[in-house]
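Participant: Before I ask anything, let me first share the structure, which is written out below as structure tokens.
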Amino acid sequence: MKTWQYQYQLFCLAVSFFSRLPVPKSTPYSDERMNQAGRYFALVGTLLGLLCVLVYAFASLFFPYQVAIVLMMAFSLLLTGAFHEDGLTDMADGIGGGMTLDKRLTIMKDSRIGTYGSATLTMALIGKFVFLTTLARQPDFGLMIVVAYTLSRAVAATLIYDMPYVSDSDTSKSKPLANAQSSTELAILILTGVLAAISLGLGVGLLLILFAILFRWAFKRWLLARLGGFTGDCLGGAQQLMELGIYLVLIAVVQ
């Protein structure tokens, strides 16, 4: 099989895993391929960010920018099936409500939402709206969204490289992530994230890269202390928190 065709199939697998966008039904699947598709998780973020920016631009033709942002956020939730928000909620419930490792993992698998999860999700959505409305008047607002979607997924996906998977891999929907990430996957993720960051300019890009390094270090230490590793929900939580952090950094820069 030609290399480009194989890479395209891996990208399609990444798209199907992280969004509800249709991909060719003929795309072959295996746990090994899904694990290799991790190299394109950040690039999927680029695609999702571009689609969200298009929705915002179109909605802005008819509505005030605040309404356009709400519509864009709603579209993003539909686009991903609230995949990452669900992970953030489950992570908050499990780590917040469980006193032992087993209890935390059990709570994270529970489909019901608890106090910690609902409070965290509410604050995340409100925060995202406030941060985006603060940035909306910037000339490169659309690029900021694409960068946030890309870099946040790059950082979250790199956690697979050097952290143990602690969930039950036989029943988890993130089972392919239980396999170790290769240096090739890691390098592609880092390169994608770095290119996205510096697209906003070298100075801002370096600041975002520094923030990404610090966030990953702190989040990894926190997960190791609480869970001893990561779960699929933790990756979703990392993406959401990192995205919010990127918006905060950008707000600090433009103020």
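We number each residue from 1, going along the chain as drawn.
Cβ atoms here come from the backbone N, Cα and C positions, even for glycine.
What Swiss-Prot records for 43-63, 64-84, 113-133, 141-161, 195-215, 234-254 is transmembrane segment, and it gives sequence analysis as the kind of evidence.
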Participant: Most CB pairs under 8 Å with the transmembrane segment (195-215): which of 43-63, 64-84, 113-133, 141-161, 234-254?
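Facilitator: If we count Cβ pairs closer than 8 Å to the transmembrane segment (195-215), 141-161 scores highest.
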Participant: With a Cβ cut-off under 8 Å, give me the same-chain residues at least six positions beyond the ends of the transmembrane segment (113-133) that come close to it.
Facilitator: 65-66, 69-70, 72-73, 85, 88-90, 92-93, 95-97, 107, 145, 240-241, 243-244, 247-248, 251
Participant: Would you mind listing the long-range same-chain contacts of the transmembrane segment (64-84), meaning Cβ under 8 Å and 6+ residues beyond its ends?
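Facilitator: Residues 18-21, 48, 51-53, 55-56, 125, 128-129, 132-133, 136-137, 236-237, 239-240 contact the transmembrane segment (64-84) from elsewhere in the chain.
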